[in-house]
Amino acid sequence: MDLYKVLGVNRSATKDEIKEAFRKLAVKYHPDKHSHSPKPVRDSATLRFKQVSEAYEVLSDDQKRVHYNLTSSSSSASSSYNYYQRYANASRRSGGGGYGFSSANSYKNNRQNYASNFWHVSLRFFTTRAFLLNLAFAGALYGGIVVIDNSREALWKMHNPGKSFEEAMESIEKAKAPLGIKSIAV
């Protein structure tokens with residue numbers, strides 16, 4: 001289930017647009033509004049309200065939204081076990097209170113879930129095409145710097161066999177001394 005579709009907003013929706021869509025749908029599907037409705041209608045409204053609340057909980061929090069966008073964009077279309085189900089199950093396992101609220105002990109469990117998902121998200125980031133292209137470019141740039149630095153030393157040794165740079169500078173100073181040329185210290 002696409003959380004953006006649950007709220008009826010685009011992926012590029014702002015926080016204010018998400019909040020406004022949530023408010024409209026929360027009023028429409030709130031369980032108190034359907035307390036006198038027939039049981040199937042009441043159950044349907046309650047389920048829809050939970051979906052809307054959980055979609056808002058994820059999309060209104062920047063970190064959860066980024067995590068959702070990363071996991072939902074790369075999941076296969078044939079997989080029915082989508083992000084919403086994983087998120088809802090994790091919320092229930094961690095003691096979630098329903099309607100988008102959590103119990104007091106869920107913070108510890110959410111930190112554990114974050115730690116276990118950190119490597120998964122990191123691996124995804126480090127294997128993206130853009131990252132790998134940037135890494136290849138940086139490697140080529142660093143390799144070029146190393147080659148230029150080594151070739152400078154090789155050229156110096158080729159044109160001045162047996163002398164180091166310091167020895168060459170001393171011999172130049174000695175050659176200038178009898179002519180009376182003073183060198184300017186930098």
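If you go along the chain as it appears here, the first residue is 1 and each next one adds 1.
Cβ coordinates are placed from backbone N, Cα and C, and glycine is handled just like the others.
Residues or ranges marked as domain 'J' in TrEMBL: 2-72. According to TrEMBL, the feature transmembrane segment maps to 130-148.
Broken down by DSSP into helix, strand and coil, the domain 'J' (2-72) contains 53 helix, 0 strand, 18 coil. Taking the domain 'J' (2-72) as a whole, pLDDT averages 89 in the prediction.
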